[in-house]
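A.B. asks: This structure is in structure tokens; I'll ask about it shortly.
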Amino acid sequence: MKFVLLFGVLLVTLFSYSSAEMLDDFDQADEDELLSLIEKEEARKDCIPKHYECTSNKHGCCRGHLFKYKCQCTTVVTQSGEETERCFCGTPPHHKAAELVVGFGKKIFG
């Protein structure tokens, strides 16, 4: 009888210890995931939205539905006759085509 009682107490102790460690691991994973999401959100706030100027920061465009927007540049002639480069964040044609195909695929297959 003493052996069964001792074995039961040992089993309950081991079970509570292992479940506490698993909960600590889950809590740590949740904290890491939360920090990762916060960092991504901060990066998203600093990015340049679609159709906005990105001349000074060509790699700072935000993400679109599937792809990150690309900084597209054109040469503009000012009224004084100077040529300057102006850039904006936009979706390249091959990304537009891929998004169109994915959209049709979602409509067909559900």
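Backbone N, Cα and C atoms are what each Cβ position is placed from, and that goes for glycine too.
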A.B. asks: Pick out which of Cys47, Cys87, Cys89 Swiss-Prot lists as the disulfide partner of Cys62.
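C.D. replies: Within the candidate set Cys47, Cys87, Cys89, Swiss-Prot assigns the bond with Cys62 to Cys47.
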A.B. asks: Of the candidates Cys73, Cys89, which does Swiss-Prot name as forming a disulfide with Cys87?
C.D. replies: Cys73
A.B. asks: If you skip the near sequence neighbours and keep only those at least six away, which residues in the chain come within under 8 angstroms of Cys73 (disulfide bond), Cβ to Cβ?
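C.D. replies: Non-local contacts for Cys73 (disulfide bond): Thr55, Lys58, Glu85, Arg86, Cys87.
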A.B. asks: Using all protein chains in view, find how many other C-beta atoms are within 10 Å of the C-beta of Cys89 (disulfide bond).
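C.D. replies: Around the Cβ of Cys89 (disulfide bond), 23 other Cβ atoms lie within 10 Å.
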